[in-house]
Amino acid sequence: MEPRLRVFELARELGVDSKRVLEVLQSLNVDVKNHMSTIDQKTAEKVTDAVRRTEAQEGQGAGKSAAKSAKPAAQPKPTREANPAKTSLLEDFFGSGTRPQRPLSEKRERRPLTERRPLAERRPLAERPLVDRPVTERPLAERPAAELRPGAAKAAAPARPAAEAQPVAERRAPAEAAQAAQAERRPAEKAQPAAAAKAAPPEKAGAAPVPGAVAEQKQAATPAAAEQKPAGKAEQTAGAAQAKPARAEAGTGASSRPASAAPAAQGEKRPAAAAERREEPQAEAPQTSGPSRPVPAGPGQPARPAGSGIGVPVKPAAGGKSGLGLPTRPGEKAADGARGGGSGIGLPVKPAAGQGTAARAGGLGLPQKPKAGAPRPGGGLGAPQRPGRRGAPLAIPKLDPKVAEQAKAGEGKPRYGQSGDKRRADLYDRREHPSSQPSEEKLFGQRPKRKASAQERRVLKPITVTGPMSVKDLAHEMGVTAAEVIKTLLTGFGIMATINQELDVDTCVLVASEFGVEATVEQKEDIIEVYDRVEDPDEPAELKKPRHPVVTIMGHVDHGKTSLLDAIRQAKVAAGEAGGITQHIGAYEVELNGRKITFLDTPGHEAFTAMRARGANVTDIAVLVVAADDSVMPQTVESINHAKAANVPILVAINKIDKPEANPQRVMQDLTQYGLVPEEWGGDTIMVPVSAKQKTNLDLLLENILVLAEVSDLKANPDKPAAGTILEAALDKARGPVATVLVQAGTLNTGDVFVAGTSWGRVRAMFDHRGRKLKSAGPSTPVRVLGFDSVPQAGDVFRVTPDEKTARAIAEKRIAKAQAERLAQKAISLDDFMNQVAQGEIKDLNVIVKADVQGSVEAIRGQLEKLRNEEVKVKVIHAGVGAISESDVMLAVASKAIIIGFNVRPDDRASRAADEHGIDVRTYSVIYDIVDDIEAAMKGMLKPKIEEVILGKAEVRETFKVPKVGMAAGCMVIQGKVTRNARYRLIRDGVVVWDGEINALRRFKDEVREVSEGYECGITLQNFHDFKRGDILEAYELQEIKAG
């Protein structure tokens, strides 16, 4: 949308009241309400032209009266003076490049020049008093401007010593100048647009004359020059020039061009900007007749040509170079030491060396950046002329229809069409006026260059796809916008995606190919998979150091595993176990001859199969304990299978050899059936007969364990972040979640951040198996760790992470993955369950399990899930660690479940809630008791067996019709009895024709409950009336027979 400008902003730039602009708008039939209304570019230009035209007409009479008056004119208002630090808003709006035929920056510089607007109409030139000035009486015929302005050139009388060098006879009268200008006006009009845009060597101009130079110039001025100076100008002093430097009218471009008091030498180089414009092709301006006047710069200095306000070069005449200064506004004083003011569109000229900054040649009428130590002069819009060429200030082209026609026809070149001028002006604006820079979309200006589209900005370089990527990331990698990727997915693949939706690898490759980008698939290892491993397979072997072995005690129930370990480590552990059965993994360290051995005690019965499997995976040597009196049992076989699956060497300890019925040879014979051949029989399995009770051969057992460890060459790298396995986890009311961790690689230190499964945390404290606090733990060391955010799962991999952010991210990803898997499983099982319920094939016994440690929870869950038969199964809907809470009771209420607690008790609130809702809460200390009770409950829930009992039979002897009832059958009970509430089936020729209930059973006219054998009765059936003689009505009922 085209930018718009408010009325009060336009009025402020035009220097008039908003009311006046509103009147002009109303006269132009533009619908505006107040000064806050907005107008477009064309309307603003129309208003600007109308206001200028009106001001010019009003100021024409004022200019003439001011010329006739000998009294010096009043100083212009401060608001009319140029402000070098300000950039016109209209210039921002109508800057270069928006109107090639006439940049609006000219309008900005012409704004305060209201009296001089119709200068082209004021003729003859004799009416202007400014012709009496010494330098302004040049023949105007030499000015190739489109419109010659009478008395257009003014000189700073006292500052210009050129009066001595110029003969009075050469100064033409205004009438002569007008006649000469009339002859050359037409060719000048054609050359003016192109010439105005070209840069000639700039005329030297000082922003503020140095006092010393001003004094020298005053001494060099001739009496004739002083006589020709108007009375109103004679009062100007050098002091005034020092106090107030010559400034340009910023709104109009009129500039008082101070002459250079000490011009540079003839060989001085021009600025780069002027040099660039000199090299550009210039339209030849017509040569003018009449003598040219050199402008001496000072005593002993070579003369420099004077530049015209419009930059139209004039060929120099013989004898020197000449130039013409630009006139100031009527009634305005020129500063001493400065040349007469320029026209409304002139540019200040280049100063001599040491005299300040020259106006940029061919510039945009903006204030120029001063050199060091010199004030900024005002700037105009014209370009300085070439040496020796004269020119006159260009009249406002808006009022000249010929200039407009030339611009429309393309004859003239835009003044600011040169890219160099525009680039230099824009650069100056950015340096000097950062606050006045227009926005990207210039108001009333040309649309900025279109940014390169995503298609153009695309870098067609290969990308690497390491995994699923979101639409946003894929678009960023390819250098396109997300909208393009979404569009391609929809149109090319029919996928409706959002910006954050993840795309799989194959889709990413296909989308990249649609954009012409080569995609390489590189499978990046998932961070979860990295932290799921304990050992690094790529770790160099030279970094590993020897470590002590980890030994697992395995075997059948009550074969003496814990007793043997207790005997080894000299601690009474078995006495603390409920029922003498180990309930969860214990990890202990023993030392023999300075060498350590870590023992893991795993429960032996089949309920702890999963725990035993984990124990086998973390161990180096498996000690299989077999009782000499029981020999091989089912759990013994299972232990052998787990050890072989984990590739763990097995050492057999034949326990209880002190018993009279012990038979070690039988044990060895039975083990050979499972691939364990003793060394005595030529095998490779070490078998040691021991007695845990008598502590027989314990040292021999330990020595053999160390021998196997040496053969296995156990090594680990202790100089890396720790990694291990969670052996056991529990929730301690005082210390929170606590876990037993076996460090398998690296060194675990207090303060390390870790992740284990879906839990993470920081090591707050570590304790060994004796309860001593540790600061670090190396490989093969079991420790109890505090600092988990939640209770981890037994068997989870424990890994130290670089920071908490990484640990939290891994845990959250694992939680999300587990939830997704659980939801998927629930969806499938729910569908199956609903089908089974609809068919009446299955029933569930919902159970909530709470235990003291995670290992017990898993053991109970596994044991209960095995308790099922053809019609009933146990469904564990929740299992956790800790005391039975009120939330567990509420869950049991909602799911109609029973609560089982193992080594835990319900709290007070949970007990009250259970009593209130009638929830069955049972607590146990031995797992086998749980199994027995659940089996009994399942028997009570078995679907009862339905048996059909025949009550009696009746034969249809007669049929008759009963009003309002239908057909009735007159029957004779031939067997048993028939009752009112029994079910009946109608049998005809051995085929059941109908089955259902009867409507009525009558004997004569009375309703009866039953009719015995040998009696007659009348029977009507529900929805059946087609009785026939000989049909048999069989009465029966269904009875439930409970399973024993």
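Yeah, the Cβs are placed from backbone N, Cα and C, and that goes for glycine too.
Listed features, source Swiss-Prot:
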- 555-562, 601-605, 655-658: GTP binding site (BINDING)
- 57-77: compositional bias 'Low complexity' (COMPBIAS)
- 104-146: compositional bias 'Basic and acidic residues' (COMPBIAS)
- 147-168: compositional bias 'Low complexity' (COMPBIAS)
- 190-231: compositional bias 'Low complexity' (COMPBIAS)
- 254-265: compositional bias 'Low complexity' (COMPBIAS)
- 267-281: compositional bias 'Basic and acidic residues' (COMPBIAS)
- 352-375: compositional bias 'Low complexity' (COMPBIAS)
- 383-395: compositional bias 'Low complexity' (COMPBIAS)
- 399-444: compositional bias 'Basic and acidic residues' (COMPBIAS)
- 546-714: domain 'tr-type G' (DOMAIN)
- 55-458: region 'Disordered' (REGION)
- 555-562: region 'G1' (REGION)
- 580-584: region 'G2' (REGION)
- 601-604: region 'G3' (REGION)
- 655-658: region 'G4' (REGION)
Other CB atoms, at most 10 A from the CB of ILE657 (GTP binding site): 20
GLY555 (GTP binding site) - helix vs strand vs coil (DSSP): strand
Mapped DSSP class for LYS561 (GTP binding site), helix or strand or coil: helix
Helix, strand and coil totals (DSSP H, G, I; E, B; other) for the region 'G4' (655-658): 0 helix, 1 strand, 3 coil
